[in-house]
Each structure stands twice: as structure tokens, then as C-alpha cells.
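One structure below.
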Ligand code: NAD
């Protein structure tokens with residue numbers, strides 16, 4: 001990577017997030033936008049980029065990331081759909097490319113990262129928990145990557161505390177009619193015009209509830225986190241899941 005200027009290419013550059021990322025990189029100190037790539041483009045050497053920002057579609061993202069890693073280019077990935085199988089395959093490839101960093105972040109908004117952190121804190125105090133995620137109707141995946149990650153974090157915190165899966169979710173709703181079961185947590189997906197990206201984590205106890213809520217009203221909310229990822233990825237070799245691993249929390 002050059003001494004002062006980080007050369008950045010964006011893959012998925014014509015999309016909603018990709019175009020916002022292009023604008024953010026263009027306006028950032030110490031970065032230069034060197035390439036914009038979208039579906040059907042030959043990625044080649046990614047216009048000589050040091051770091052690629054990848055916001056495409058879940059089916060395309062693993063191949064795009066693999067292309068970058070093969071060429072020793074660091075990648076900041078915002079695309080969702082990184083199943084354990086896809087991650088395992090990437091990790092296997094990365095074992096042959098020492099020093100390359102890949103950050104996979106289901107949510108770049110700082111408030112969303114704090115929401116997940118607060119949810120982790122609360123998880124061990126409440127047996128009853130559900131997640132509601134609300135997005136614009138064009139969102140292709142459900143539940144959202146953030147909701148899946150939140151459920152995973154809550155599930156891990158509950159396991160650590162020795163709590164069973166949320167009892168209301170599993171015993172009262174065996175067919176999952178009230179939402180998808182993710183790591184033993186019910187996740188409800190709402191798709192509604194006017195929404196951008198929103199999430200509530202609801203905890204219930206005796207005579208009380210606790211709600212942790214985050215709202216992204218505009219895609220610019222993700223951009224400080226994307227730029228943080230671009231700045232940090234070269235010094236975090238290997239695969240990192242979650243921007244929280246780059247932040248002092
Ligand atoms: P979008 O549909 O607006 O844009 C996707 C872009 O990817 C399109 O321009 C499309 O042409 C392009 N594309 C399709 N196939 C491609 C390929 N093979 N190679 C390169 N580009 C290709 O979608 P969006 O709203 O910008 O969201 C993109 C992804 O980012 C989704 O997975 C979404 O869930 C995720 N997302 C992540 C965050 C986050 O903070 N991590 C926030 C919002 C959205």
C-alpha cells in the first residue's frame with residue numbers, strides 16, 4: 001500500500017451502497033477512488049487498488065472477494081449472505097495468502113454496532129428475546145445480515161450464561177410462524193416503503209421489557225464505518241467478521 005494515499009476500487013459501484021461508497025471515498029482524506037466495477041465488468045487488477053470495497057449481491061460476493069484475495073488486494077465487504085460454508089471456503093483460500101485482510105461487516109453503522117454490543121450485555125439477564133428488523137421493500141434477503149449477526153451474538157451470550165433458547169420462541173411457536181429461528185432467537189422481518197434499515201431487539205422479563213433500537217435513515221450512516229474499514233483492513237490480516245473488531249469498544 002502506498003505511504004499516504006490508499007487507492008480504492010468499489011465493486012457494485014452502480015448500486016445504492018456502492019454509489020454511496022464511491023462518494024464517501026472521493027470525499028475522504030488519504031484515499032483515492034481508482035475504479036468502479038459492476039456486474040459484467042472484467043475485474044482484472046481492480047485498477048491497481050490497494051483496497052476494494054464490495055457491495056454487490058450475495059451470490060456474486062464470494063467470487064468477487066476470492067478474485068481480490070488471489071491478487072493480494074485487501075477487501076472490505078458489506079454484502080450479506082456470508083454463510084458458514086462461504087466463510088470456511090474463504091478462510092481456506094486466505095491460508096494461502098498471508099498478509100491479506102478481508103473485513104466482512106453485516107452493518108457498518110456505528111449505532112448498529114453499539115446496538116449489538118448492548119444486546120450482548122442484556123442477553124444474559126433475560127430468557128425471553130425477539131428481534132424485529134425493518135427495511136425498504138427492495139431488500140432481497142430476509143432476515144437481514146444484521147439481524148442474523150445479532151441473533152448469533154445473543155445466542156453466544158446466552159450459551160455462555162447457560163440460558164436455554166428463548167423459551168417462548170421454541171415452545172410456543174414450533175413451526176416458526178411468528179418469525180425465523182436464528183440461533184434460537186425469533187427474528188421478524190418487515191418490508192415497508194419509507195424504511196431504510198431499522199432494528200429492535202426486545203427483551204422481556206417479569207413485569208418489564210427492555211428495547212434496544214437502531215435506525216439508519218440514510219445510507220450515509222454506513223459510510224464512516226466503511227471508511228474505518230478501508231483504513232484498518234491492511235493491518236488486520238486474515239478474515240475478520242464485524243467492524244466492532246476494528247473499534248475500541
Ligand atoms: P443494490 O441492488 O442497489 O446494488 C447491488 C449492485 O451490485 C448493483 O449495481 C448490481 O448491478 C451489482 N452487481 C450484481 N452482480 C454483480 C457482480 N457479479 N459483480 C459486481 N457487481 C454486481 O443493493 P444495495 O442496496 O447497494 O446492497 C448491496 C449489498 O449490501 C446487499 O447485500 C445489502 O444487503 C448489503 N448492505 C450492507 C450494509 C452494511 O452496512 N454492511 C448496509 C446496507 C446494505
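Numbers run from 1 along the shown chain.
Keep in mind that glycine also has a Cβ here, set from the backbone N, Cα and C atoms.
Owing to the predicted nature of the structure, the values given are computational and were not obtained by experimental measurement.
Secondary structure at residue 135 (active site, proton donor/acceptor), as computed by DSSP, is strand. Within 10 Å of the Cβ of residue 135 (active site, proton donor/acceptor) there are 22 other Cβ atoms, across all protein chains. According to TrEMBL, the active site, proton donor/acceptor annotation covers 135.
Taken from TrEMBL, the feature active site, proton donor applies to 139. Using a 10 Å radius centred on the Cβ of residue 139 (active site, proton donor) and all shown protein chains, the other Cβ atoms total 16.
Annotated NAD(+) binding site per TrEMBL: 12, 13, 14, 15, 16, 17, 41, 78, 79, 80, 105, 106, 107, 108, in sequence order. In the structure as shown, the Cβ atom of residue 105 (NAD(+) binding site) sits within 10 Å of 28 other Cβ atoms.
The (S)-2,3,4,5-tetrahydrodipicolinate binding site annotation in TrEMBL covers 136, 145, 146. Around the Cβ of residue 145 ((S)-2,3,4,5-tetrahydrodipicolinate binding site), the same chain contributes 80, 81, 82, 106, 107, each under 8 angstroms and 6 or more positions distant in sequence.
Per TrEMBL, domain 'Dihydrodipicolinate reductase N-terminal' is recorded for 6-108.
The feature domain 'Dihydrodipicolinate reductase C-terminal' is assigned by TrEMBL to 111-247.
In this structure the C-alpha atoms belonging to residue 136 ((S)-2,3,4,5-tetrahydrodipicolinate binding site) and residue 41 (NAD(+) binding site) are separated by 27 Å.
With a CB cut-off of under 6 A applied against ligand 1, the binding-site residues 12, 14, 16, 41, 107 are reduced to 12, 14, 16, 107. Note on proximity: among 135, 139, 146, the recorded positions of the record, the Cα nearest residue 41 (NAD(+) binding site) is that of 139. With a cut-off of 8 Å between CB atoms and residues at least 6 apart in sequence, the same chain places 18, 37, 38, 54, 55, 56, 57, 79 near residue 12 (NAD(+) binding site), listed in sequence order. Within 10 Å of the Cβ of residue 16 (NAD(+) binding site) there are 13 other Cβ atoms, across all protein chains.
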